[in-house]
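*Asks:* Here you go, one structure.
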Amino acid sequence: MNKEIIHKKSNGIIEWIDYRLPIFSFLKHFSYYQTPKNLNYLWNLGSIAGIALVIQIITGVILAMHYTPHVDHAFESVERIMRNVNYGWLLRYTHAVGASMFFAAIYLHIARGLYYGSYKTPRELLWHIGIIIFLIMMATAFMGYVLPWGQMSYWGATVITNLFSAIPLVGEPIVIWLWGGFSVDNPTLNRFFALHYLFPFIIVVLVILHLVALHQHGSNNPKGIDVKSTKDTIPFHPYYTVKDFVGFGVYFIIFAYFIFYAPNYLGHPDNYIPANPLVTPAHIVPEWYFLPFYAILRAVPSKLGGVFLMFGSIVVLFLLPWLDTSKIRSGNYRPIYRIAFWIFMADCLFLGYLGSKPVSEPYITISRFAVCYYFCHFLLVLPLIGKYEKPLPLPKVL
């Protein structure tokens, strides 16, 4: 049988499969998918986040094979992974550092969307699906942080689950349901482990929907103008796949540095102490990617008020397409918005710093000012800038 016959047979098999399950057509669509020709390296962040998600799922599944979700054995099983499982230390550090790298990519991805107006029509649903992914990521990361069953894991779970008790009438039953009893204990750990395993696969489904929404109207671009002809676009492959690999290289260099040289830099030393319900840590601190929201939570003395503000800080992102009244997408052509954007970024970083500090003065008072500006940016600054700002002239073509 010569090569031509073999090639025809293999093509026939591919066509037979593709007719019934169009996998190959779908992959071909990605190859020929037309993308704006002026995308910069900030558009790599979506692909980087996708790679980070795959790494988390692979390492998480392998770690789950060796983890014991029981309050008497969870801490020891993690230490056993570190010492007795082949390359267990690498798996654990890759998973722990990978969570931080995933959030870093997502935060930059969101910041890029805010600056370039990627939430504006016709991409509102694309933005909303992205925020839902972010919410589920936060829930997944929180439950994952509980699993090592160290001091910070236990007390972090106690503090955060207790927040639901602030809800009038139904708060206490919700907390008891979350705990599976009257305190954080074995049922809590078991259900957190089950949900932590499940949620990444829900994220995968949402990522697919995110991509479907993206391909419906195409990517936004740094100029924030619509594509008018095929001259404004280039195929995603090979042009942007090659560009993505450059971003992957930078990402993996930073990733490798933390894994091999500073694996615990982003963690907390108290989590290397087994959970003890009788001893409260001097300072309960969440992971760095929750610190801005933690600062918002602690900014007011009322528990219900803090919970309301913390969840409101994320809900306001859903309303963003309608709060920003400007018709111009890109911050490059909005001089006043550009200043407001960088002030907002500084405010978010400052909230992260304040979230890492003890609940004492002057941090509480400063936090209130920072939280006030956070909400003013969305509810006051954006609507007013959209009405009164004089944007720069938009270019005609990409």
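Using the three backbone atoms N, Cα and C, a Cβ is placed for every residue, glycine included.
So Swiss-Prot says this about it:
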{"type": "BINDING", "residues": "His95, His196", "note": "heme b b562 binding site"}
{"type": "BINDING", "residues": "His109, His210", "note": "heme b b566 binding site"}
{"type": "TRANSMEM", "residues": "45-65", "note": "transmembrane segment"}
{"type": "TRANSMEM", "residues": "96-116", "note": "transmembrane segment"}
{"type": "TRANSMEM", "residues": "129-149", "note": "transmembrane segment"}
{"type": "TRANSMEM", "residues": "164-184", "note": "transmembrane segment"}
{"type": "TRANSMEM", "residues": "192-212", "note": "transmembrane segment"}
{"type": "TRANSMEM", "residues": "245-265", "note": "transmembrane segment"}
{"type": "TRANSMEM", "residues": "277-297", "note": "transmembrane segment"}
{"type": "TRANSMEM", "residues": "304-324", "note": "transmembrane segment"}
{"type": "TRANSMEM", "residues": "339-359", "note": "transmembrane segment"}
{"type": "TRANSMEM", "residues": "366-386", "note": "transmembrane segment"}
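Map the listed features onto the structure and describe their local environment.
*Replies:* Classification of His196 (heme b b562 binding site) by DSSP places it within a helix.
Under 8 Å, Cβ to Cβ, and six or more positions away along its own chain, His210 (heme b b566 binding site) finds Leu126, Ile129, Gly130, Ile133.
Tertiary neighbourhood of the transmembrane segment (129-149): same-chain residues 60, 67, 69, 71, 74-75, 78, 99, 102-103, 106, 109-110, 113, 156-157, 160, 188-189, 192-193, 195-196, 199-200, 202-203, 206-207, 209-210, 213, 271, 274-275, 286-287, 289-290, 314, 317-318, selected by CB-CB distance under 8 Å and a gap of 6+ residues from either end.
If one looks beyond the transmembrane segment (245-265) by at least 6 residues along the same chain, the residues whose Cβ comes under 8 Å of a Cβ in the stretch are 41, 44-45, 47-48, 51-52, 90, 93-94, 96-98, 100-101, 105.
Note on the transmembrane segment (277-297): residues 99-100, 103-104, 107, 138, 141-142, 145, 151-152, 154-156, 159-160, 163, 183-184, 266-268, 270, 306-307, 309-310, 313-314, 348, 351-356, 358, 367, 370-371, 374 of its chain, located 6 or more positions outside it, place their CB under 8 angstroms from a CB of the stretch.
Non-local neighbours of the transmembrane segment (366-386) in the same chain are 295-296, 298-300, 309, 312-313, 316, 319-320, 323-327, 334, 336-337, 340, 343-344, 347-348, 350-351, 354; each lies 6+ residues outside the stretch with a CB under 8 Å from one of its CB atoms.
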*Asks:* By a Cβ-Cβ criterion of under 8 Å, what residues six or more beyond either terminus of the transmembrane segment (339-359) are in contact with it?
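*Replies:* Contacts with the transmembrane segment (339-359): 111, 114-115, 283, 285-286, 288, 290-296, 298, 331, 366-367, 370-371, 373-374, 377, 381-382, 385.
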*Asks:* Short question: most Cβ pairs under 8 Å with the transmembrane segment (192-212), which of 45-65, 96-116, 164-184, 304-324?
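*Replies:* The stretch I would name here is 45-65.
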*Asks:* How far is it from His95 (heme b b562 binding site) to His109 (heme b b566 binding site), counting Cα to Cα, in Å?
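*Replies:* Here the two Cα atoms lie 20 Å apart.
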*Asks:* Who sits close to His109 (heme b b566 binding site): which same-chain residues at least 6 apart have their Cβ under 8 Å from its Cβ?
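*Replies:* Non-local contacts for His109 (heme b b566 binding site): Leu45, Gly46, Ala49, Gly130.
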*Asks:* Of these binding-site residues, His95, His196, which scores lowest on Cβ atoms within 10 Å?
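*Replies:* Each of the binding-site residues His95, His196 was scored by Cβ atoms within 10 Å; lowest is His95.
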*Asks:* What parts of the chain pack near the transmembrane segment (45-65), using Cβ distances under 8 Å and only residues at least 6 beyond its ends?
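*Replies:* That would be 81, 91-92, 94-95, 98-99, 101-102, 105-106, 108-109, 112, 144, 193, 196-197, 200-201, 203-204, 207, 244, 247-248, 251.
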